[in-house]
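Over in TrEMBL, the protein carries these features:
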| type | residues | note |
| --- | --- | --- |
| DISULFID | 121-131 | disulfide bond |
| DISULFID | 139-148 | disulfide bond |
| DOMAIN | 36-118 | domain 'EMI' |
| DOMAIN | 117-149 | domain 'EGF-like' |
| SIGNAL | 1-25 | signal peptide |
């Protein structure tokens, strides 16, 4: 675990010194490919629409006029039915659940990594303190407080003055 943190630190430092942005933005974090360190799962439902062509048969009624068999002076009507092949566009909808992997709150990642191992602090750590967890600073010697802003100086006087 310590070697992973060292590699992450070295990569971040190299990118920082070269002027590149190594940390992903919030939109880019949605592209994590799967589970990892400090990666949270979010499920989202969405409706997916599609347009398809469907085949159907439309009836065509054709009237038929002919002399009635019993009454020669009268005309009887009937009809014949044929079917014509037709196509129509049909819009269908389907509810899909999408699984998205994002960095958990308080964590971010180095571009290309599938782990979120860079802690973020909304209030920056002061006096050489390091952000080591979500909104959690590890303070340098002599400093305390949630953001390392409180000094703790203790001078022990020698006994032989």
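Each residue, glycine too, has its Cβ placed from N, Cα and C.
Here the structure is a predicted model, which means the values were calculated and not measured.
On a Cα basis, residue 148 (disulfide bond) lies 10 Å away from residue 131 (disulfide bond). Contacts of residue 121 (disulfide bond) defined by a Cβ separation under 8 A and a same-chain sequence distance of 6+ are given as 131, 134, 135, 136, 137, 147, in order along the sequence. In the three-state DSSP assignment, the secondary structure recorded for residue 131 (disulfide bond) is strand. Counting every protein chain shown, 22 other Cβ atoms lie within 10 Å of the Cβ of residue 148 (disulfide bond). In the three-state DSSP reading, residue 139 (disulfide bond) counts as coil. With DSSP classes pooled into helix, strand and coil, the tally for the domain 'EMI' (36-118) is 0 helix, 62 strand, 21 coil.
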